[in-house]
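For reference, the structure discussed in these notes is given below.
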Amino acid sequence: CLGLDNSGKTTIINQLKPSNAQAQDIVPTIGFSIEKFKTSSLSFTVFDMSGQGRYRNLWEHYYKEGQAIIFVIDSADKLRMVVAKEELDTLLNHPDIKHRRIPILFFANKMDVRDALSSVKVSQLLGLEHIKDKPWHICATNALKGEGLQEGVDWLQDQIKTMRT
């Protein structure tokens, strides 16, 4: 699970876990944490990577292991949309990702915040239409309430099942 700091990665992962495994307090991730949980049809091992600038170089050490990428964007943080695009471009051009048909799920998070950009606008600013060699999907989400997350997980499950057949 990738994205800039304070985009909502840890909150999203917490919401995806079964309710009896959810944390009450979410604090910024330092380095990374590993979360394991199951949904009805998939087992997840999620590497929750810190989005702080000094930790982003750690991301690439986990690319080989991943079967999918969840990239979280703070839709209300218009000033850092350029930085999010730069990090996405770096990810897409990394040798461990570039030639793989790995599904990418984008969560345009914080849709509850006033003046947040729509998922269509986030998609345009990140240039997602240029991703031709990987399946991708973008969902508008509010991680605090869990809104929009299930749609994304359902899409991701379908993609992973398709890859396995």
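Including glycine, each Cβ sits where the backbone N, Cα and C put it.
For D112 (GTP binding site), the number of other Cβ atoms no farther than 10 Å from its own Cβ, over all displayed protein chains, is 14. A coil conformation is recorded for D112 (GTP binding site) in the three-state DSSP classification, outside any helix or strand. According to TrEMBL, the GTP binding site annotation covers G3, L4, D5, N6, S7, G8, K9, T10, G51, N109, K110, M111, D112.
Following the DSSP three-state reduction, the secondary structure of T10 (Mg(2+) binding site) is helix. The Mg(2+) binding site feature in TrEMBL is assigned to T10, T29.
Shown are the binding-site residues K9, K110; the one with the most C-beta atoms within 10 angstroms of its own C-beta is K9. Distance from the CA of T10 (Mg(2+) binding site) to the CA of K110 (GTP binding site) is 13 Å. Across the fold, the C-alpha of T10 (Mg(2+) binding site) and the C-alpha of D112 (GTP binding site) stand 17 Å from each other. Counting other CB atoms no more than 10 Å from each candidate's CB, the binding-site residues S7, T10 peak at S7.
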